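K.L.:
One structure is given below, represented as structure tokens, and several questions about it will come after.
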Amino acid sequence: MVVSTFSLLLNGERAVVVLFVGCVLFSLPLSLLLPGLALSLLALFSLYTEITAENSISLAQFKTRPGASSGILLAAVTLPTLVLAKLIQLSRALALHEFEHEGFDYLTMQYWAASASSFFVLLYLRIVMWCSPDNAFSHPCSPWGMKVGSICTVLCVALFFTPCTRMQTMLNAVWVLLHGLAAVKLWHHLLHTFPSCASIGEALLVTDGLVLYFGDMLACTITKFHEYLTPSEIVSLGHGIKRSEISVIIQGLLLGLLLFPSVFKFVLHILNSFSYRTDCGARAYTERGISLTFFALLGFVMIVFIPSWIQFVLNFHMHPFLWLLTFVFSEPLKRLSLCIYWVCVIYVSVHRFYNISKNSKIERILLRKYYHLMAVLMFLPAVLFQPRFLDLAFGAALAVFLTIEIIRVWRIWPLGQVIHQFMNAFTDHRDSDLLIVSHFSLLLGCALPIWMSSGYNDRPLAPFAGILSLGIGDTMASMVGHKYGVLRWSKTGKKTIEGTAAGITSVLAACSVLLPLLASTGYILTQNWVSLLLAVTVSGLLEAYTAQLDNAFIPLVFYSLLCL
């Protein structure tokens, strides 16, 4: 009875997540014991929340993506575990005196901020379920489950406040807790604004990432303001990590575009309060007026607002766009040739696959795996030979994707409807008419490991985590599983054991080719084959079991394990 109940509680996805967290906790040095304990409690609390959420109808008020599980456990621990894995990596650098303590302290605060973001959203979900009329959970383990949930809640709160009392000022404690409050607000806003576009877990992962990214931007801004006033410890921590010009430009560009829809909506509200017409001719004029307002405001944000913030934060001695031109043309032959190569690959691939998607009966999810292979062709040479330029190119591509998606969602004349019809040819069951996220997740899945590997990195395969797991592993698993798969991992799922084995084998084969190539370019190989096999296996099993958007989770899990 106990074994059957345990197997019911710990399904395939949860077992893989527990294995993932266990691998990171097993690698902890003694100096990170407290963050490790907090992660353990967070995992228990999120597991309890996910189990009770499945037996409660109170969360039905949040319109999530149809057919997806909640994914609460996976999402709640992914980002905190990633930051903790990065702290383990940097602790090795501290021992070798190759990294500054200020940067390590700032990343530690980022860990507590990420944990607080996940914990506050979990606590909000628990409050919603507690206040619901269906609070009488039907699960057989509810009596001890209530005790576990209560104990984990109390201990998590205690652990979050313990490091806060050890910080230099209470301002830092408030800073961490504000991340949690902002996460609850943003998570609720995302599910309300984009109904049926994401699961609870997918929205939580996006929320954690955006809150950390916006918080870092705000810390940079506060730092510069306080340089002219009085020094503050929160400012010193916010300025602890040395930021490159490219990272600041990307951060300003992406966050400016993410804030742009809110600014545009506010401006439209002001304009509509002054003029409102109802006849058809005026509507046509209004459509063009909205388009003119959109592009004028977008130009102002891109040319004036974002560069002004970048210059303010990093003290650029020239306009950031002029700096970008100088950077690109510092090695014109290599970088312009790479740009031409990318344009050719994109044009040929999009033209070919668009025609196939219109005239072929091939499953769309399988057809889209060819874009994963295209990502390998585009990004792998650049990671090896032009990593800094690839950092910039990823930021530019994401900015273009964001702009196109904003135009499509708002149906901005004359491009909105055309873009919408074109993008529909590349969607699958995880996309909706309201929001198309698959291309974002693929690009971010490849970009994030590369961005996070900037600075100190003693694991040469870590930057390739997204390219290997998505471009090679996920693609081979889908293709082999679709054509040759017979043995399924579960009765209700489509993933097969043959596909998973093919994905794991292909990634290991790619690593065996990539490691000697990296050694020939001057990298010092410190990757252990046992840990590499474990990382590849865990990420492969996650691809087999998860019902979440795998492009978002698998690269982060794989990267975390490669950092150990």
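Just so you know, glycine gets a Cβ as well, placed from its N, Cα and C.
Automatic, uncurated: that is what TrEMBL annotation is.
These figures come from a predicted structure and were not determined experimentally.
According to TrEMBL, the record shows the following:
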- 15-48: transmembrane segment (TRANSMEM)
- 68-89: transmembrane segment (TRANSMEM)
- 109-132: transmembrane segment (TRANSMEM)
- 144-161: transmembrane segment (TRANSMEM)
- 246-268: transmembrane segment (TRANSMEM)
- 289-312: transmembrane segment (TRANSMEM)
- 332-350: transmembrane segment (TRANSMEM)
- 370-386: transmembrane segment (TRANSMEM)
- 392-413: transmembrane segment (TRANSMEM)
- 434-454: transmembrane segment (TRANSMEM)
- 460-480: transmembrane segment (TRANSMEM)
- 501-525: transmembrane segment (TRANSMEM)
K.L.:
Please identify the stretch among 109-132, 289-312, 434-454, 460-480 with the greatest number of Cβ pairs below 8 Å relative to the transmembrane segment (370-386).
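P.N.:
Going through each listed stretch, the top one turns out to be 460-480.
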K.L.:
Return the stretch with the most CB pairs under 8 A relative to the transmembrane segment (460-480), choosing among 246-268, 392-413, 434-454, 501-525.
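P.N.:
It is 501-525, which has the most Cβ pairs under 8 Å.
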K.L.:
Among the recorded stretches 15-48, 246-268, 434-454, which has the greatest number of Cβ pairs closer than 8 Å to the transmembrane segment (289-312)?
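P.N.:
Looking only at 15-48, 246-268, 434-454, the most contacts with the transmembrane segment (289-312) come from 246-268.
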K.L.:
Which listed stretch (15-48, 109-132, 246-268, 392-413) has the most C-beta pairs under 8 A with the transmembrane segment (434-454)?
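P.N.:
Looking only at 15-48, 109-132, 246-268, 392-413, the most contacts with the transmembrane segment (434-454) come from 392-413.
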